Structures are given as C-alpha cells and as structure tokens.
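Here the structure comes first, spelled out in structure tokens, and everything after it is commentary.
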Amino acid sequence: MGYGAGRDKYEPAATSEHGGKKGKGKGKDRDMEELKKEVTMEDHKMTLEELHRKYGTDLTRGLTTARAAEILARDGPNALTPPPTTPEWVKFCRQLFGGFSMLLWIGAILCFLAYGIRKASDLEPDNDNLYLGVVLSAVVIITGCFSYYQEAKSSRIMESFKNMVPQQALVIRNGEKLSINAENVVQGDLVEVKGGDRIPADLRIISAHGCKVDNSSLTGESEPQTRSPDFTNENPLETRNIAFFSTNCVEGTARGIVINTGDRTVMGRIATLASGLEGGQTPIAVEIGHFIHIITGVAVFLGVSFFILSLILHYTWLEAVIFLIGIIVANVPEGLLATVTVCLTLTAKRMARKNCLVKNLEAVETLGSTSTICSDKTGTLTQNRMTVAHMWFDNQIHEADTTENQSGASFDKSSPTWTALARIAGLCNRAVFPAGQENTPILKRDVVGDASESALLKCIELCCGSVKDMREKNQKVAEIPFNSTNKYQLSVHKNANPSESRYLLVMKGAPERILDRCSSILLQGKEQPLDEELKDAFQNAYLELGGLGERVLGFCHLLLDDEQFPDGFSFDTEDVNFPTEGLCFVGLISMIDPPRAAVPDRVGKCRSAGIKVIMVTGDHPITAKAIAKGVGIISEGNETVEDIAARLNIPVNQVNPRDAKACVIHGTDLKDMNADQIDDILRHHTEIVFARTSPQQKLIIVEGCQRQGAIVAVTGDGVNDSPALKKADIGIAMGIAGSDVSKQAADMILLDDNFASIVTGVEEGRLIFDNLKKSIAYTLTSNIPEITPFLIFIIADIPLPLGTVTILCIDLGTDMVPAISLAYEQAESDIMKRQPRNPKKDKLVNERLISMAYGQIGMIQALGGFFAYFVILAENGFLPSTLLGIRVAWEDRYVNDVEDSYGQQWTYEQRKIVEFTCHTAFFVSIVVVQWADLIICKTRRNSVFQQGMKNKILIFGLFEETALAAFLSYCPGMDVALRMYPLKPTWWFCAFPYSLLIFIYDEVRKLILRRSPGGWVEKETYY
C-alpha cells in the first residue's frame, strides 16, 4: 500500500507553477503514470544521526531562523498548489456556445443572412427573418445565463467548503518554541504536535508519548494509528515513524523532523494526481451531440433537396437561397434548449431536497446511466462510529443493540458478571463526554477519546447510567496507559462497594494477552478456576467474534487484598508494586462500525436495477467482508474462494476461482496484478470487495471498470479518494465527513453521507432520461406542421399557410410549459427493475423517435393544419383548385384584382388579411393537435388510462397553451404586432378530429406494444 514514484525525494507532478508542460501529451501521461505508482522513501529507515546529516537539523535546537528562511525561499510555501480553475468567462462562453446553443446560433446567423440578401436585392424586405434572428439569439443568451447561474450557485456552495489546511504549527528554531503559520514550515524543521492538532507537513517522528493519528482521510483506516520513533515496516505508509501532512493527531504528543512540504507531501501528490486527471464528456452531453447531428442532418437534407427542387421549378437563385435558409431554420427546435435546461434544473432541485447536491446539471443524468458503483465503506455504507456489537460473559455470546435508534436486540442485564464487566469497561477507560451535552441523546454526543473507548463509554452510559458518577465514586489511584508492547491498559480504583475489598484493579486489552494474565474466571458472579475447557470456550468465542470483522477486547479485574494494600497505599506504576498476573477474567466485548439502516435495502435495489456495487476500502479484509455481507454486497449463499476452500477442507489454490461468485481482494495482491488480471476479476465475479487499498489502486479499479464499458460512480470522503472521484463518470463526495479536496473533485455531494441517497439519485437520473425523451418527442412533433406549409408553398405555389412569427409563437410560447411539464411525469413502471441503459445502443434521440415524431404523429398534425387552412380560404371564396399556382400574383403588392373561384376580385390588403387569418388558424390547429400529442407523450408503453392524469403541472400546461393561443388570436392589437387575426369559433374545431385520431392511433400502437413485446411494432416505433 502506498503512493508515489520510485525516488527518495519525489518531484511534484507538472503543474503550471513548476514549469511542467501540462496537457502536452506524452509528458503529462508520463507524470500521471509516475503518480499512479506507490510511494518509496528512505527517511523512515534512517537513524537519527543520518537524519541530522541529511537535513542539517539540530535534533534539540531545530534549524536556525536564517537557514529556515533560505529553505523557504528555495522550496516555496508549505501549501498545496490550488488546482487550475476554469475562469468564469470561459464557463459562461461554454454555456453560450456549447452543444445545442451552436445550432441556434447558426440558425440566427442564417436568418440575418436571409434578411440581408432580401434587403440588398431590394425585394420587398420582409422583417420576419430579422425578428427570428433576434429571437433566436435572445433564446440562446437567456438559457445560457440561466445554466451558468445554476452552476455558479453550486460552485458557491463549494467555495464555502475551503478550510482543509492546518493554520498554525509549533516549531523549534534556535532552541525556542515558536507558533508560526503552517505555510512557513520548511523541510528540516523540528515540529511538535499534540492531540487535536493537524499534522503540518510529512514528519519523521523522533520522539513520541502515546501519540495516535487519524489517517482515515489518507488511507481509509477508521482506527487511530500509533506513532512512535520505531521503524516498523518497509512500506512508508505502514511504518509507525512517519506522520503525514493534513492527517490529525488524536491523542498524545510527538516531535518530528519535516521531510516534505506542500506539493511534495504524500497528500500533495494525491491532490496533484486528482487535478491532472481529465474527466470525459458526460453521457448526456454525448447524447445531445448525437441529437444535434440527427437534427442538422434532417435540416440540411431537406434544405438542399428543396433548393434543387425550387431551381427546377424555375425560381430565381436568390429565392432558392432564401428558401434553403428558411427550411433549415424551420427545422431548428428553438424551445428545446430551454426545455432541456429547465428539466435538468428541476431534477437537480428535487435531488437537493433528497440530500444530493449536484454541481453540474449534466451529472443529474449520468447518475441514471450508472452501471457500477464503487463505494467507500466507512461512513457511506456504515455509520462511521464504533459501536459495541457483542459481549461474551457467563460462557455465552450476547448481542448488543447497534441500531441508530436503539430499536434492536437487548440482552439480559441481571447477571452479576455483567455488572462487573460494565464496571471495568467504564473505569478502565479514558474517554469522556465534553460538558454541556446533558440534553443530547447519548448516541449523538461528542466524545473525547479514541473510537473503541468512545463505543464502550456510550454503551455503558446507555445500559448502566452515568459513567461520570461511577468514576467519581470509584476514585482512580493509579494507571498504566495502553502501549504497544504490553497491549493492555490497567487502572487501580478505590472500591465504592463496601462488601468487597478496599482497592479494585481493572484491566482491558488484547484478549489473548488478558487471558494469559488470568488464573480464574467469573461465571454468574462466582470466581472459578480457569481450566482447559473454559480456555477453549474463550478461544471459540474470540474466533467467532473476530470472524464477524469485529474488534475484540478482553476484560479482567482483581480485588486487592486489604492487608497487603492498606488505605493510602502508594501504587508505583514505574516499578510495579502490585499484582498484574493471577487476575480474574470477566468477559469479552467486541465492537464494529455498524452498517447504516437503509443500506441493505438500497444495495438490493441496485442489484435489481442491474447495478454492480463494489466495495473499496482501506480497512481489514475480514471487517470489509463482514460489512459486505451485512449490507448485501456479498449476498447470502454466495461464497468466496476462501469460503469454498474452508467448506471442502482443501487449500485455497486448489479452488477454481470461477466457482466463486464473490471475491475479497487484498491491496497487496492487487499491486501485483496487470490490467488483464484485473479485467478478469471484474468480468467473472459479480460481488467484489477490495480491502486494504491505496488511492492509486482505487483509481486503477475505476479505470478497470471503465475498460469493461461500465459507467462508474465512485463515492469517497478522504483526500485519498479524489483521483478516483475525478476519473469516474460521476464522483460522489461526502458532505459531512468529506474533505475539501474530495468535494472539489466530485460532481455530486451527498449532504447526509448516506449510500441510500445515491440510489435515490440513480432513480431520479433514470426518470429524467425517460422524461427528456418524452419532452423531445413532444417538441419535435410540431416541427413537421411547421415545415410542411413552407414546403407546399414552394412546390404547389400556394399562399403561405404558416408564417415565421407564428412558428415562434408555438416553439417559444404555447409548447414551452407543456414540454417542461413532462419533466414532472411519474415513472411508468418500476424504473429500478430494469438494466442500466447501454450508452452505445440506447440513445436519447434515436431513429425510432424521429420516425414517430416526424413521420407519423407530425404528419397527422400537418393534415389538421392544412384542413383548417383550406376551410378558411374556401369559406372566403378560394377553393383548393384555384390556389395552385396563384402565389406570384398573390404576393405582388401592385396586383389588386386577383380573382377567387366565384370571380370576386381581391385587393392586396384584403388577400393578406385572409392569409394572416389562415396563419392564425393553422397555429390554433397545431395547439389543438398538440393537446393529444402531450397526452400520448406521457407514456412510452403504458396506456394513458393506466398512467392517469396525476401530473398537475401537465394539466396546467394544457390550459396554459390554450389560453395563450386564444389570447394571441383575440387580443386587440395582435393584428399589428404579430399579424394574428381573430378566428370564428367554428374554425377552432377543424383540427379536433385529427387530435382524436392521434390519440386513438397511439393508444392502439401502445396496446400492440404491450400485447406482443419485441414484435415489429416495438422494433419500429418504441423510442
């Protein structure tokens, strides 16, 4: 386990500060490969004399102030180089010109071009194109600002998280202790740390007293690690004499020499590794790109075909170019950009209410397409608090209550042995509750002390009342603190129980060491000699609890003889003058960081949703496996190679790995695997746990999953997780326990640190993908009744049935609210029962969606519009036969005697009023047929009658579009502003039959879909 490049003094990876050529292909790849290697350094193997020579530090007086200033000038401040951030204007431009916006910009430019051509050629300049260009530009700018504002809001929340680095450090220079800003600590400085401090740089410990550090942000180990001057392991991350930058000292004191500062620390290397990783495009960005290709393809194909056709029909070049531009622009769904942005924003808000903060909108959908989740164990799957799980006394195992709300099992507390055990656990314990928490529930209280002692303290407080009172009654007179050589902690107390001796000795520690010091055992409150049978019982209990992945402690006591130890006896803990052997064994207590309540259910949900959950942890394999079984990552009945070997009683190497569905892989084994071996494991095992892994390995695991084609979500809270968070398709950081570095690297933050929230997020992501399909299907359908009038106008030479301004009224007016309302649609079936979508096959917009929207529903809609158009012209005297070829005379403002079918003559003004009335009627017809389209788009497979009309926003959308259409048609002054004229009430009904036809047609199609799944109707029309 470890990080780093194979050099004693490791260089930081290239960042802009160090003149590295970032982003220059080969060099950068090489740097990243360097960073992925494990750390090697020699400092932990050196003697104090060698350290003194290497760093020139006096081991008692420290550096001189002058020398420290020189080193500071040479190495720069002891701080992490901030990751290169994207300037705000670049972010803004991305929103304005990225993806879909580009399509609209091209449309706008083409409009201005068409307007310019008409103006220059002195044809009657028609201002429609100018308006259209302006409106398109406005749409892009407004939605761009909106998306930018959304993301800026999330990044402001991020800014508020920055407070990772330690502020002050205690150094010794010229023999004096100085408190200086941690940024000014230099290599070779002599530094002192005490409980509660953050380690200011990578230190080589030269002296320590009971020092423990919390390395969880670096290695993921939840237990505090002892620090001492002893060289205990070749691996710098495992040895006791190195303390790492930005980890916490939880108790004791230590003095050390700074061996690395800033970016050269182990933590600094990880941060550099994270900031250098490139995240790819999000799945939804890929989808939108694909969609733009389709739309552009259709537009250009239609435009060019009709350009050639209009030349064949003897139009002038100039007119043909204007037609070409007109058709391309008519194909652009102006309202869709806004719809997609609003839909994603709504989902992001909904997720925020469910404790998922999404940093960029596109991540919303990515979570929905996730097929593998690599989850951290501590704090995400578990509660991140050690809790007493089992006890062994009176020769049987009792289960304690580990639930968060104390609703679980309780055990028999009447046995006198339990009273004795609880007394030892409370007295032989240095953990305390800080004052002022009397009204806080016991389990929620803060504790000063290490994780195991806190667990014991809370357990005894819950079962037996105030531990503080117990300690006050049984006053402590002597103590030997825990140390790594004797592996026990002992204290002597004045005994408050008058029926026993004056002094009570209590001891706890590693079970086998405690048992060795005992000659008797307490059963039902009576002392009995410790025979082989009882020793076996102890051994079995110890193995059983250890096998559950729990941390087991043994407890014993001794009532000291009143004659030997009279009142006021002076206990000497240096030269021990009291017995520490021949004690009475009382029992075992085992602790575990228990799983969160909702996790097993959610892991099951992931499994039925086809999502593979992999546990990646820095913890012990036994503990990791126990928790994996507890939360269902390894499901009941599935065995690992070790389980099979134990069952068949054969060596592990004789088991075929393919026989085991589950596997637990140790970090050290992972270190020696090549990419093919990792791929083999990921491919052939469904349930995988990686234990004792380093951050680099987490990154390698993520890359392995991505090679399999998986879309990977990774959760993490430590700095150690940030490279993997950055590399994953979606990185999920923890809001409560997460370090700032991990929050910076992630795409999403879980505000309650709970795995269950991820699954909620997956559900929301899948739902928005379905609903976006529906929104797009709805929006695209009206494109056909908008384009066909223009095409028929060119081919049949008839008066224009639908004008540009009216098209805008549909796309940016009546269609907007209904399209957005589909984002609120409920899921049709259980979304979490289907496999994750395959990004290569299952597209947001596919050929089937286009064929439904353009080829089927859209065509029926166009018929409805034309029907209204011909009805109005016929009522005014122009029968369809008269209209063919009438266009040139109709458009000429100097011809005032165009004859209708009845021989009446029409002036230019009168003709135009009839034409604009037709535009209005065509517009209203599209609104009427879009009612049916909105209702059929609610579902893709179910009948609307099964789904019901529960979506209130959608019902509002139906009324809103109708009200808006009526307003535009009847409001005084609209004839001047938008050239819309009032309609006779009967003309509203022209499109009703077509609306009904659409509804019936689609209900029948969905019925066939449900009756014969996988049939040709599904293959051709299910989008």
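Placed from the backbone N, Cα and C atoms, the Cβ positions cover glycine too.
The feature compositional bias 'Basic and acidic residues' is assigned by Swiss-Prot to 1-11.
Annotation comment: Swiss-Prot describes 6-87 (among others) as topological domain 'Cytoplasmic', evidence class sequence analysis.
Annotated phosphothreonine per Swiss-Prot: Thr15, in sequence order.
Feature annotation from Swiss-Prot assigns transmembrane segment to 88-108 (among others); the stated evidence is sequence analysis.
The topological domain 'Extracellular' annotation in Swiss-Prot covers 109-131 (among others), and the record cites sequence analysis as its basis.
Positions annotated as transmembrane segment by Swiss-Prot, on the basis of sequence analysis: 132-152 (among others).
If you look up Swiss-Prot, you'll see 153-288 (among others) marked as topological domain 'Cytoplasmic', on the strength of sequence analysis.
The transmembrane segment annotation in Swiss-Prot covers 289-308 (among others).
Taken from Swiss-Prot, the feature topological domain 'Extracellular' covers 309-320 (among others). In the topological domain 'Extracellular' (309-320), helix, strand and coil residues by DSSP number 8 helix, 0 strand, 4 coil.
The transmembrane segment annotation in Swiss-Prot covers 321-338 (among others).
What Swiss-Prot records for 339-772 (among others) is topological domain 'Cytoplasmic', and it gives sequence analysis as the kind of evidence.
Per Swiss-Prot, active site, 4-aspartylphosphate intermediate is recorded for Asp376, and the stated evidence type is similarity to another entry. If you draw a 10 Å sphere around the CB of Asp376 (active site, 4-aspartylphosphate intermediate), it holds 29 other CB atoms from the protein chains shown.
The secondary structure of Lys487 (ATP binding site), as reduced to three states from DSSP, is coil rather than helix or strand. Residues or ranges marked as ATP binding site by Swiss-Prot on the basis of similarity to another entry: Lys487.
Positions annotated as transmembrane segment by Swiss-Prot: 773-792 (among others).
Panel annotation: around the topological domain 'Extracellular' (793-802), residues 306, 309-310, 313, 315, 323, 785-786, 865-866, 869, 873, 883-888, 890-891, 911, 915, 918-919, 922-923 of the same chain, lying at least six beyond its termini, place a Cβ under 8 Å from a Cβ of the stretch. What Swiss-Prot lists as topological domain 'Extracellular' is 793-802 (among others).
Beyond the ends of the transmembrane segment (803-823), by six or more residues, the same chain brings 128-129, 131-132, 135, 139, 326, 330, 333-336, 338-339, 342-343, 346-347, 768, 771-772, 774-775, 778-779, 782, 786, 916, 919-920, 922-923, 926-927, 930, 934, 937-938, 951, 953-954, 956-958, 960-961, 964-965, 968, 978-980 to within a C-beta distance below 8 angstroms of the stretch. Marked as transmembrane segment by Swiss-Prot: 803-823 (among others).
Within 10 Å of the C-beta atom of Lys487 (ATP binding site) sit 13 other C-beta atoms, taking all shown protein chains into account. Ranked by the number of CB pairs under 8 Å to the transmembrane segment (321-338), the listed stretches 88-108, 132-152, 773-792 are led by 773-792. Only residues 6 or more beyond the boundaries of the transmembrane segment (952-970), in the same chain, are considered here, and those with a CB under 8 A from a CB of the stretch are 809, 813-815, 817-818, 820-822, 824-825, 920, 923-924, 927, 930-931, 934, 938, 978, 980-983. Residues 117, 121, 123, 794-795, 797 of the same chain sit 6 or more residues outside the topological domain 'Extracellular' (309-320) yet have a Cβ under 8 Å from a Cβ within it. At the 8 Å Cβ threshold, with sequence separation of at least 6, the transmembrane segment (919-938) comes into contact with the transmembrane segment (773-792) through 3 or more pairs. With pairs at least 6 apart in sequence, the transmembrane segment (88-108) and the transmembrane segment (844-866) have fewer than 3 Cβ pairs within the 8 Å limit; the two do not touch.
Sequence-distant residue pairs (6 or more apart) of the transmembrane segment (289-308) and the transmembrane segment (88-108) include at least 3 whose Cβ atoms are under 8 Å, placing the two stretches in contact. Counting same-chain residues at least six beyond the ends of the topological domain 'Extracellular' (971-985), those with a Cβ under 8 angstroms from any Cβ of the stretch are 803, 805-806, 809, 913, 916-917, 919-921, 923-924. Using DSSP to sort the residues of the topological domain 'Extracellular' (867-918) gives these counts of helix, strand and coil: 29 helix, 4 strand, 19 coil.
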